[in-house]
Amino acid sequence: MFGEAEFWFALIKVITIIALIGTGGWMIATGWTSPDGVTASLSHLTDPTAFMPHGITGFFAGFQIAIFSFTGIELLGTMTAETRDPQRILPKAINALPLRIIIFYLLSMVVIIAVASWPGVSAETSPFVTLFAKAGLPAAAAVINFVALTSAMSSANSGVFSSTRMLYGLSVEKHAHWQFRILSRSTRIPVRSLLFSCFCMLIGTLLLFLVPNVMTLFTIVSTLAAIMVVFSWGMILVAYLVYRRQRPDLHAGSIFKMPAGVVMSWVSLLFFAFAIFIMIFDPDTLLALLASPLWFIALWGFWKLKQRREGQLQLDNQSA
């Protein structure tokens, strides 16, 4: 069900991005001039009066939302591990990532900037809507609202899937409550993990009533998500480094090794540290950064409580 839903969500996004790139490419090739007098041109990408209008600090400030945009990319490993032939599927999927990132992330941004110019991109309006509106396609621009809805549903779908599988895995390893590993009789889905994940997501909607400014709320939530993602990715890299040191025999037998694995792991960890550091310079991201330790303190508290209960249970069993 997850794969089927994600396929259709992804298909809608892919078609929209291809339409945007095609429309923008035609506007650039023909030198299209919008009603507000901006001529589509690749020169907007390097115009010294418009390129990086907020300077290097504005560029660095974009790291947070860039990291947030790639949230869930680690699901590639989670999903591939459940396929019938992961040794063939995983290399194929990972090798396809760079090209897809270039097309669907970088190329779309290049087209948007070339058509609208840097000053013409507003934080209050979707850049996709801006491009289609400049092309004289207001109806197409309105469709973007539907696409944005499917993108949000896709993100929620991925989040529910990953959290459900994580809760189930933790429960199987006896690191979470035993009820999270109960499977549905008909579909063999960890239904209680799924229900708990959905419940947590619904709680998040209450934030809309607590924080009236949507953009402030989005910045805070996306920053918190980016911090948690950086932590997760960092732990994956640390686990990889420990794996390389403690089990070199297993790594030697791997058929799909990470190029320059140790060096690139340290480079990535340094980048993550820098991305966290620059969050202190914006009030909203700083607020999220200061609040993030509360989550880790809560996790530590639950972990200590679990250890205490297990220790007490062992003592009771020994006494009996």
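Glycine residues also receive a Cβ, built from the backbone N, Cα and C atoms like all the rest.
Lifted from TrEMBL, the feature list:
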{"type": "DOMAIN", "residues": "1-309", "note": "domain 'Amino acid permease/ SLC12A'"}
{"type": "TRANSMEM", "residues": "7-32", "note": "transmembrane segment"}
{"type": "TRANSMEM", "residues": "52-76", "note": "transmembrane segment"}
{"type": "TRANSMEM", "residues": "97-119", "note": "transmembrane segment"}
{"type": "TRANSMEM", "residues": "139-168", "note": "transmembrane segment"}
{"type": "TRANSMEM", "residues": "189-211", "note": "transmembrane segment"}
{"type": "TRANSMEM", "residues": "217-243", "note": "transmembrane segment"}
{"type": "TRANSMEM", "residues": "255-280", "note": "transmembrane segment"}
{"type": "TRANSMEM", "residues": "286-303", "note": "transmembrane segment"}
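Within its own chain, the transmembrane segment (189-211) is flanked in space by residues 156, 159-160, 163-165, 167-168, 171, 179-183, 217, 220-221, which lie at least six positions past its ends and keep a Cβ under 8 Å from the stretch.
Proximity of the transmembrane segment (217-243) to the transmembrane segment (286-303) is established through 3 or more Cβ-Cβ distances under 8 Å for residue pairs spaced 6 or more apart.
Most Cβ pairs under 8 Å to the transmembrane segment (7-32), among the stretches 52-76, 97-119, 139-168, 255-280, 286-303, belong to 97-119.
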